[in-house]
């Protein structure tokens, strides 16, 4: 006698999707982080778009625009906090995803691993730009500290930092 989960039309779908899933036997919860990265990225893009609708580049009104988002925009406080905490969750998932790849030896697949490394650098550069560009003195501090690491490059480091800054120091809003 066959099991009902293998013969009933509706239960057969559930059986093939969850119980008899054609997946490796060593699959674990560590394999969820790639899809969680996609979800975090979608949340970041959507909340970032809504926050960008209220962006102002004037340094005198930048903090007023943040206050406006939190007080006057429907669920603006939620959008702002989802964007801020979503970035942290994104990087936690990213590092766990890389850790899973290291643990399971995915670095032996050179092409796939190298594309992942390139994507990691692209994500870091994008996060840096998102941190430095929009608002206030913390962005100036971030730009100064992070770009000063480039001054460690022999011969061209100092010139490179001044070129990125557009002068001898970061000044005014960086997005106009």
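Including glycine, each Cβ sits where the backbone N, Cα and C put it.
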Candidate ranges 113-133, 134-154 [criterion: Swiss-Prot lists as transmembrane segment]
113-133
One should report the C-alpha separation between residue 83 (heme b b562 binding site) and residue 97 (heme b b566 binding site), rounded to whole angstrom, as 20
Report, as numbers and ranges, every residue of the chain located at least six residues beyond the transmembrane segment (33-53) whose Cβ falls under 8 Å of a Cβ in that stretch; write 'none' if there are none.
69, 79-80, 82-83, 86-87, 89-90, 93-94, 96-97, 100, 130
Ordered by sequence, the long-range same-chain Cβ contacts of residue 97 (heme b b566 binding site) under 8 Å (at least 6 apart) are 33, 34, 37
